[in-house]
Amino acid sequence: MAMLEVEKLNAWYGPSHVVHDLSFAVEEGEIVALVGRNGAGKTSTLRAIMGLMPRAEGRVAFDGTSLLPLGAHARFRLGLGYVPEDRRIVPGLTVRENLELGLVAAGRTDVGAAIDEIARSFPRLKERLNQQGTTMSGGEQQMLAIARAIISRPKMVLLDEPSEGIMPVLVEEMGTLFRTLRDQGTTLLLVEQNVEWALKLAGRAIIIDQGEKVYESSAAALLADKDIQDRYCAV
Amino acid sequence: MDLELILMQLFSGLALGAILVMVALGLTIVFGMLGIVNFAHGALFMVGAYAGLWVAAQTGSFWWALLVAPIAIGVLGMAIERFLIRPLYGRSPDDPLLLTFGLGYVLVESVRITFGTDGIPFSAPEALQGVVDLGVGYFPLYRLFVVGVVALVLLLLWVALEKTRFGLIVRAGARDPLIMKVLGVDVGRLWLLVFGLGVGLTALGGVLAAPMRNVSPEMGTLVLAEAFVVTVIGGMGSLLGAVVAGLLVGIAVSMTALFAPEMATIVMFALMALILLVRPQGLFGRPGAGA
Ligand SMILES: Nc1ncnc2c1ncn2[C@@H]1O[C@H](COP(=O)(O)OP(=O)(O)OP(=O)(O)O)[C@@H](O)[C@H]1O
Ligand SMILES: [Mg+2]
């Protein structure tokens, strides 16, 4: 059984139908890249899986549990993390408090230990634990958003364009982190505009266009196929 | 006019302001988190006073009234959120406004039918009657008690919001409910609790105010207007703003009553206009926040 099974998923914003009969699966411990041009429906797909679309139909099963009847908070509690495209570091809270938000649902009381542990993977955050989260650079905020989503050790994480607007050194660091996570058994669904980078990380790739799946293959095959990349992913 | 009188009036203003702080805090917490302007808030203040009156009559103890009435009315507040307001989320912002506006009338009429239209005296317990010597003059003990209770509640509220995990969730939920959802927080339940807390605070204000004035079905009307002025001066959604502005308005009204009694109710609106001219977002409001 796959970690995530999406079957004939449809999603709407009011009258506009933005995801059409989308089906795919993500196996446990794999990184899948979900790519496509602007407005293709990548964010809408992640939001539908997470329970944030005004209307979504079809079937989404996570680790054997049907997700669509559940609220977003219940989906997180099943072990499904989400890093939204706009990062959403909470203003008025320190880096430490933002990290603690990732632990509130788990009811973990050893916050200090959990934060020490996560800070080892995020040295840039460690130095800034008492700084206001929103005063950090964009890249640091992205790292914080990722750290906050994984501090409770979810089984799977949905990432919406984590490399966007981030300097190359940090993108490299992020790539290493994602590989480590995968090697530890975490499943990742990675939406990216930085196609080459994503394909080097991922095992498989899915392209969507106008809300429909138009291509699915190994990441290596898509990486080698410049024609397909140009057709569906050119910015 | 001597200094002693002025000081006494200042203390009176503080007690008046302390009540306003309770009411305005409830209003501003609910607005800040749920984005709802609760027009039934004044009526719930009045219902709190009647609940206190009823509990005191049943138990013969003011202390039980002080403890039980705010909790009971807070639970009533949760029921209001759950069954009347929740179905309106995601619709026009006018809907909760109209609903709470109507609910206020329903509450006032229900109390009129049940308890009659006349004001009912509600006396402070014997232990709190009389006056104390503050060094500069004698001051009613009960008013001092009100200031003390409100200070204690503010302290508890501050600890709960700033020092506990529940407080962290509330503060973060006020800023960004979406991120709290995807971090596993049932935001609907959080709003239920926050609404209940807001209503409980205004009910506590009602019980505390009862011995300082008659309990009557209309007692919530003026308080609601005053609490609106306080939240606007303090900044919609700002808790610190509600506290500072509540005391400020209480003192301003009280001092004006001393020097120009006929101006007493107008002064708070003048204060509001003045502050809005200088700081449109209110004393502690975030620019651009609020309606
Ligand atoms: N809040 C919204 N209300 C209405 N339509 C929306 C909304 N958000 C997105 N859309 C529309 O839904 C479609 C899919 O958008 P989506 O954000 O999922 O694309 P995307 O693939 O993530 O694009 P990008 O690469 O630019 O992030 C687009 O046509 C977009 O205009
Ligand atoms: Mg997007």
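Any Cβ shown, glycine's included, is placed from N, Cα and C.
Straight from TrEMBL, the features:
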{"type": "TRANSMEM", "residues": "B:6-29", "note": "transmembrane segment"}
{"type": "TRANSMEM", "residues": "B:36-56", "note": "transmembrane segment"}
{"type": "TRANSMEM", "residues": "B:62-85", "note": "transmembrane segment"}
{"type": "TRANSMEM", "residues": "B:97-115", "note": "transmembrane segment"}
{"type": "TRANSMEM", "residues": "B:141-161", "note": "transmembrane segment"}
{"type": "TRANSMEM", "residues": "B:190-210", "note": "transmembrane segment"}
{"type": "TRANSMEM", "residues": "B:222-251", "note": "transmembrane segment"}
{"type": "TRANSMEM", "residues": "B:258-278", "note": "transmembrane segment"}
Beyond the flanks of the transmembrane segment (B:141-161) by at least 6 residues, Cβ under 8 Å: 11-12, 14-15, 18-19, 21-22, 25, 66, 124, 128-132, 167, 170-171, 201, 204, 208-209, 211-212, 239, 243
The transmembrane segment (B:97-115) versus listed stretches B:36-56, B:62-85, B:222-251: most Cβ pairs under 8 Å: B:36-56
Per Cβ pairs under 8 Å, the stretch of B:6-29, B:36-56, B:62-85, B:258-278 packing most closely against the transmembrane segment (B:190-210): B:62-85
Contact set, same chain, for the transmembrane segment (B:62-85): CB under 8 Å, 6 or more residues outside the stretch: 34, 36, 40, 44, 47-48, 51-56, 96, 99-100, 103, 124-125, 128, 149, 191-193, 195-201, 203-204, 206-208, 211
Cβ contacts under 8 Å made by the transmembrane segment (B:36-56) with residues that lie 6+ beyond its boundaries: 23, 26-27, 30, 62, 64-66, 68-70, 72-73, 76-77, 80, 85, 96-97, 100-101, 103-105, 107-108, 111, 115, 120, 122, 198-199, 202-207, 209-210, 215-225, 227, 291
Surrounding residues of the transmembrane segment (B:258-278) on its own chain - C-beta under 8 Å, 6+ positions past either end: 1, 5-6, 9, 226, 229, 232-233, 248-249, 252
